[in-house]
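Enquirer: For Asn27, Leu29, Gly54, Glu75, Asp101, Asn123, the entry in Swiss-Prot reads S-adenosyl-L-methionine binding site, with the evidence type sequence analysis.
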Amino acid sequence: MPIDNLPPLREVIDIYGLQAHKSLGQNFLFDLNLTSKIAHQAGNIEGKPVIEVGPGPGGLTRALLAKGALVIAIERDERCIPALLAIEKHYPKKLKLICNDALKQNFSKLFETYPEKPRIIANLPYNIGTQLLLNWLLVEPWPPFYESMTLMFQREVAKRITAKPQSAYYGRLSVLTGWRTTAKIAFDVPPQAFIPAPKITSSVVHIIPRIQPLTCSAQKLSFVTKTAFGQRRKMLRQNLKTLGGEMLLAKAGIDGTRRAETLSISEFVTLANLVI
């Protein structure tokens, strides 16, 4: 059943000549049943502000608007703007378009005058998805400018985001995500839901900020985790040599022969708090 009376997305892509560009990490999501499922995963968004990054031809945008959201869509690719303007005309005063690179967008400033925090709901471009997430995880002040994030990533990235200690996917991204938020994989999205179809499965991850994460400098924790996971197979006393090595680990009560993937988030926080 159609969510609106706008043309089907395949038709929109043809009308505006929107071939996905690999250089922009684009894979257009055209299955409107799935876009509605993503919008539903974010909870009740009627009358709520929503940030969407990389809307492309507007498949997810339409699902968000159909559920009553007030959408602020940030799109770098100017080719997509005419298709998005057609959606804006269909939903007057419900869609705001910003033509900008999301990596350069000051999100905190954009929403400082809004009466309530936005939710971030997006099928993120593959080539900038991880960096955008890191930017949003490390933003200051905390609690952040957003209420929650419902984001699509490559399945492997989603596993890294939600991984636990002692697992192959556990790494810097897992620690930084788990420190400040709770995250879960909501569902998978098959390749055939996209144009063009990628070679891998994607996953939607739902992320909610912790109001009071363990006290720690975001910059220090980011640096310590980057250093600790620099060479995964090496012992911590080797990887953390430049930060104090055995002495630092002894202060933290951590065995220097352990590897980074065995440490809990709280142990990483302890290390970061000891770094001068």
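Cβ coordinates are placed from backbone N, Cα and C, and glycine is handled just like the others.
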Enquirer: Would you identify which of the binding-site residues Leu29, Asn123 has the most other C-beta atoms lying within 10 angstroms of its C-beta?
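Expert: Answer by Cβ density within 10 Å: Asn123.
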Enquirer: Long-range same-chain neighbours of Asp101 (S-adenosyl-L-methionine binding site), Cβ under 8 Å, sequence gap at least 6?
Expert: Arg76
Enquirer: Give the maximum pairwise CA distance in Å, whole number, for the residues Asn27, Leu29, Gly54, Glu75, Asp101, Asn123 listed as binding S-adenosyl-L-methionine.
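Expert: Overall maximum Cα spacing for these binding residues reaches 20 Å.
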